[in-house]
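What TrEMBL says about this protein:
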- GLU100: active site, nucleophile (ACT_SITE)
- GLU104: active site, proton donor (ACT_SITE)
- 26-214: domain 'GH16' (DOMAIN)
- ASN108: N-linked glycosylation site (CARBOHYD)
- 1-25: signal peptide (SIGNAL)
Amino acid sequence: MTVLFKMPVVLGFFVGLMMLGLVSSAEFHELFQPGWANDHFIYEGELLKLKLDNFSGAGFASKSRYLFGKVSMQIKLVEGDSAGTVTAYYMSSEGPYHNEFDFEFLGNTTGEPYLLQTNVYVNGVGNREQRMNLWFDPTKDFHSYCLLWNQRQVVFLVDETPIRVHTNMEHKGIPFPKDQAMGVYSSIWNADDWATQGGLVKTDWSHAPFVASYKGFEIDACECPVSVTADEIAKKCSSSAEKRFWWDEPTMSELSLHQSHQLVWVRANHLVYDYCTDTARFPVKPVECEHHRH
């Protein structure tokens, strides 16, 4: 069922016919549920906090799956010495040939910047890591982290600034994630075998618990019941003569000129690793890297 909120009554019926979507800015429990380690969840009004200690991390998952749209939440990362920890926020389908879009925040020692690693899995294949530092301290305040997904592109955004674009290049024979509904997930966990300086810096448990804070949960996407088949999902979540989804509008098929300039700036000033230029890992450049503009 497609649900519409926040719409003026006079325009609601007309706009609802033209531009469909699930628009929801809600409390945590309306959209999500704990996935593991319930005793490591802390609820403080509109805030949710996940804690990691030497017993366990914690994670949550959306109650529904979605195909296309926009998912956003505001996160404040672990303050102080966060070395060895990872706070992950991602969308993923299920199974060995799953699709996945990852934000992974890699902790660091006090005074050193967090690294943000993004990755894209298509049909179970990942290895598309990019890493960057941010233009602000993500431990001092909340910032918005967003995934925009339609049939033309996947866009990773930080405070509405695009930091990565994965473009549909099926015309080049490159698979694109467009037929598997995804859940939305986040977790905090210990990954000191690789997260900080390749695993050289380990988690200092004397600084536990490590706490990541969340608020501003928003999902504006096509909701897909678990029982619906892939073909039915594709039909339900694609625009037609009878219905239009905002993410299928021509303006959403690529970045605006301003967004393109923002992306170029981010990559020039903050990108520290790109799998496309890692000739040690990939002596032959991955096919999509030959055609991506960014």
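Heads up, the Cβ atoms here are built off N, Cα and C, so glycines get one too.
Remember, predicted model here, so these are calculated numbers, not experimental data.
Note: the CA-CA distance between ASN108 (N-linked glycosylation site) and GLU100 (active site, nucleophile) rounds to 25 Å. Taken together, the residues in the domain 'GH16' (26-214) have a mean pLDDT of 95 on the 0 to 100 scale. Cβ environment of GLU100 (active site, nucleophile): TYR90, MET91, SER92, SER93, ASN119, VAL120, TYR121, GLY126, MET182 lie under 8 Å away, each six or more residues apart in the same chain. The Cβ neighbour count for the residue listed as 'N-linked glycosylation site', using a 10 Å radius and every protein chain shown, is 22.
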